[in-house]
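Take a look at the structure set out below.
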Amino acid sequence: MRKGVLKDPEIADLFYKDDPEELFIGLHEIGHGSFGAVYFATNAHTNEVVAIKKMSYSGKQTHEKWQDILKEVKFLRQLKHPNTIEYKGCYLKEHTAWLVMEYCLGSASDLLEVHKKPLQEVEIAAITHGALHGLAYLHSHALIHRDIKAGNILLTEPGQVKLADFGSASVASPANSFVGTPYWMAPEVILAMDEGQYDGKVDVWSLGITCIELAERKPALFNMNAMSALYHIAQNDSPTLQSNEWTDSFRRFVDYCLQKIPQERPTSAELLRHDFVRRDRPLRVLIDLIQRTKDAVRELDNLQYRKMKKILFQETRNGPLNESQEDEEDSEHGTSLNREMDSLGSNHSIPSMSVSTGSQSSSVNSMQEVMDESSSELVMMHDDESTINSSSSVVHKKDHVFIRDEAGHGDPRPEPRPTQSVQSQALHYRNRERFATIKSASLVTRQIHEHEQENELREQMSGYKRMRRQHQKQLIALENKLKAEMDEHRLKLQKEVETHANNSSIELEKLAKKQVAIIEKEAKVAAADEKKFQQQILAQQKKDLTTFLESQKKQYKICKEKIKEEMNEDHSTPKKEKQERISKHKENLQHTQAEEEAHLLTQQRLYYDKNCRFFKRKIMIKRHEVEQQNIREELNKKRTQKEMEHAMLIRHDESTRELEYRQLHTLQKLRMDLIRLQHQTELENQLEYNKRRERELHRKHVMELRQQPKNLKAMEMQIKKQFQDTCKVQTKQYKALKNHQLEVTPKNEHKTILKTLKDEQTRKLAILAEQYEQSINEMMASQALRLDEAQEAECQALRLQLQQEMELLNAYQSKIKMQTEAQHERELQKLEQRVSLRRAHLEQKIEEELAALQKERSERIKNLLERQEREIETFDMESLRMGFGNLVTLDFPKEDYR
């Protein structure tokens with residue numbers, strides 16, 4: 001999506017559709033920062049006074065600027081608390097976002113700038129208490145401000161404390177971004193990219209530094225270069241209050257906030273219970289402070305206005321001021337100007353990459369006018385005011401007037417007319433009288449000048465922050481890539497495991513079906529064999545029975561013939577008796593044969609039943625053998641599959657281990673490369689800073705050398721004047737002495753006396769001339785030596801300071817490198833432990849599964865054998881009941897009936 005083209009409905013809902021240039025009127029610049037400017041304005045529909053923060057999202061880093069705007073708007077929309085700035089809406093106009101908020105008088109840093117002295121402890125407690133309520137609200141919703149400082153703590157007319165500037169805020173806690181203003185940054189924020197995450201306690205640290213700022217007018221380490229301050233904060237002890245005038249309660253509060261270890265640092269909710277903020281204080285302490293500040297600002301602005309008015313009057317009457325008039329004017333107002341301009345204030349800090357509404361913004365209301373409307377020049381200015389576009393502000397810089405477009409798009413245009421410059425300055429101070437504020441006009445102008453002059457330093461810090469965030473994005477991108485690679489790897493392994501499990505299941509199903517088919521086939525074969533066996537026995541028995549019957553018939557005939565022969569030989573027995581005996585014998589023989597036949601049939605039936613029973617037992621035993629073979633085959637198959645699965649899992653573990661080590665090496669290599677790049681950038685920035693400081697000092701010394709002839713000329717003129725005064729005195733003394741000598745000496749000696757006096761005067765003048773020349777030479781030599789010594793001392797001091805800062809940077813980088821190496825060692829050890837533990841778990845799992853498989857094998861075989869044994873035992877018991885005895889020792893006849 002092209003920035004500013006609101007195609008996404010969710011993003012479009014963040015912005016109002018009205019034209020802000022028509023909706024808001026009377027724009028007046030009241031603050032300036034890296035993002036642009038903050039304006040006082042009035043809602044044309046409701047007459048409500050608001051503050052407007054204009055943020056351009058064109059030019060360099062367009063996408064980043066647009067994302068910052070979206071983040072800040074989303075953040076502000078969800079805030080509903082008395083101690084956070086009230087959000088009024090956001091509008092878009094020509095690649096500029098107009099962020100509209102409630103109007104406040106100014107910031108806590110403005111109080112320091114106006115009064116030029118620290119706040120009272122009771123005032124610091126009141127401001128801190130209000131800020132803590134706002135922080136506790138943010139932290140309770142897992143939000144982090146990340147840029148707490150006096151410039152971002154605003155005050156309203158009724159004395160309400162408001163947290164502002166959420167351009168650096170985080171909607172996630174914990175966070176891990178390098179953002180904020182250097183001097184107020186917590187150590188864990190500075191080390192965020194290197195060591196991990198942080199939470200809302202970073203705001204507690206910043207609040208502690210803010211307390212030092214309010215108590216000492218500057219945050220800790222403010223005399224350092226901003227980059228050096230970062231290195232100092234990251235590795236040195238926490239700062240403390242320097243003066244002994246503060247109470248122990250305040251000192252403990254600051255020390256409590258500035259605990260180096262985040263886990264030992266209190267939360268904002270815990271700090272609300274601290275004695276420092278809970279103790280009694282006047283209800284109007286902030287209202288009175290604001291009123292005193294407003295009065296002081298009014299006096300400063302009136303002083304500036306009167307100066308402009310006087311210059312205007314003199315210029316109108318006499319033309320441009322001469323040098324002496326300017327000197328006189330400067331001497332008249334020098335004290336107030338020096339008092340206004342002797343401090344850079346919190347604006348010396350490097351603005352964060354994210355935009356700020358804090359020290360760069362303050363609010364305005366109505367105020368009394370103190371202009372003298374009777375003067376014709378002021379009437380002229382009043383008339384001219386209507387011709388000045390309300391969307392532009394006038395900024396006086398050096399010898400030109402720059403017309404700055406309020407939207408921040410226009411380029412400065414030099415106006416060569418000095419009269420117009422003076423009128424614009426006077427008009428600027430007159431317009432200031434229309435609203436109440438705790439920020440003086442000179443402070444607003446100075447912020448604009450500093451913003452332009454410190455662009456190089458600000459760009460360096462912005463570039464450093466961009467680099468840190470870019471490094472963090474690279475690490476996150478690599479971590480996500482490696483995570484995706486690991487997820488893909490694990491998914492691949494999981495699919496392979498699932499495929500193996502499915503294949504194993506399919507193989508077992510096939511084996512089960514095969515075994516069922518074999519059992520069914522064996523059952524059919526056994527049934528056929530049994531039937532065949534029975535038929536063979538029956539056929540044989542039938543054959544035996546036929547043979548037996550034929551044998552009986554033959555035997556019957558033989559016996560019959562034998563009896564007949566015996567009867568025929570016995571002649572003594574009557575024929576009838578013979579017949580009876582033959583019949584009886586035949587009956588006995590038939591009866592015997594019938595019994596033998598019945599016995600044979602009984603024996604055949606018993607033989608048939610017993611052999612069929614034995615055959616069934618053999619079939620059952622054979623079936624048992626098949627079942628045993630099947631279960632062994634199934635269990636062997638399962639064991640083979642399990643061994644293949646275990647080999648696959650070991651291979652997976654080794655491939656995962658190799659991937660994990662490779663990924664860790666890749667991540668650590670990138671981290672070390674980024675740290676080397678960061679350290680190289682830090683070193684380059686420090687060297688560039690050193691060169692800039694040396695150039696500035698050299699430029700200053702060159703200016704001093706250029707200025708020295710003028711100074712020497714002035715001092716020479718002063719000595720010359722003293723010489724002239726001495727000459728005049730000596731001339732007067734000479735005349736008085738001459739007159740006296742002429743009066744007291746005879747006339748004839750006058751010529752000699754005059755000659756003597758003339759020679760004496762000439763001698764003394766010659767001595768005086770020699771003294772004059774000597775004084776001039778000594779003065780020039782002394783001044784040259786003094787300048788050389790002063791410049792050499794400044795050079796030595798600068799070299800010492802830069803050397804200390806370089807040593808601080810080297811120590812910081814060494815510490816970061818050591819911490820990173822220690823972190824890498826911990827990560828490697830952690831990975832080794834994880835890999836070792838995972839391998840141990842895998843081996844334990846393999847052992848347990850093999851043991852479970854062996855146990856299953858033993859139990860199933862045992863259960864099968866027990867079941868088969870019970871089945872055989874039951875069969876044998878039934879055979880015994882049937883009267884077959886022990887079938888185990890039964891032998892089949894030679895004919896194999898099976």
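The backbone N, Cα and C atoms fix where each Cβ goes, glycine too.
Among the features that Swiss-Prot reports, active site, proton acceptor is placed at D147, with the record citing sequence analysis. Annotation comment: Swiss-Prot describes I30, G31, H32, G33, S34, F35, G36, A37, V38, K53 as ATP binding site, evidence class sequence analysis. Under the heading compositional bias 'Polar residues', Swiss-Prot lists 334-351. The feature phosphoserine is assigned by Swiss-Prot to S324, S331, S343, S346, S349, S359, S442. The feature phosphothreonine is assigned by Swiss-Prot to T357, with similarity to another entry given as support. Annotated N6-acetyllysine per Swiss-Prot: K830, in sequence order, evidence recorded as similarity to another entry. If you look up Swiss-Prot, you'll see 316-362, 405-425, 565-596 marked as region 'Disordered'.
Within 10 Å of the C-beta of G36 (ATP binding site) we count 22 further C-beta atoms, all protein chains included. Cα proximity to G36 (ATP binding site) (within 10 Å) is found for none of the recorded positions D147, S442, K830. Per DSSP, the region 'Disordered' (565-596) is made up of 27 helix, 0 strand, 5 coil.
Among the recorded positions listed here, namely I30, V38, D147, S442, D147 has its C-alpha nearest to that of K830 (N6-acetyllysine). Among the binding-site residues listed (I30, H32, V38), I30 has its Cα nearest to the Cα of S442 (phosphoserine). I30 (ATP binding site) sits 20 Å from the residue listed as 'active site, proton acceptor', counting Cα to Cα. Across the fold, the C-alpha of D147 (active site, proton acceptor) and the C-alpha of V38 (ATP binding site) stand 18 Å from each other. Counting neighbouring Cβ atoms within 10 Å of each of the recorded positions (H32, K830), the lowest count belongs to K830. In this structure, D147 (active site, proton acceptor) belongs to neither helix nor strand by DSSP; it is coil.
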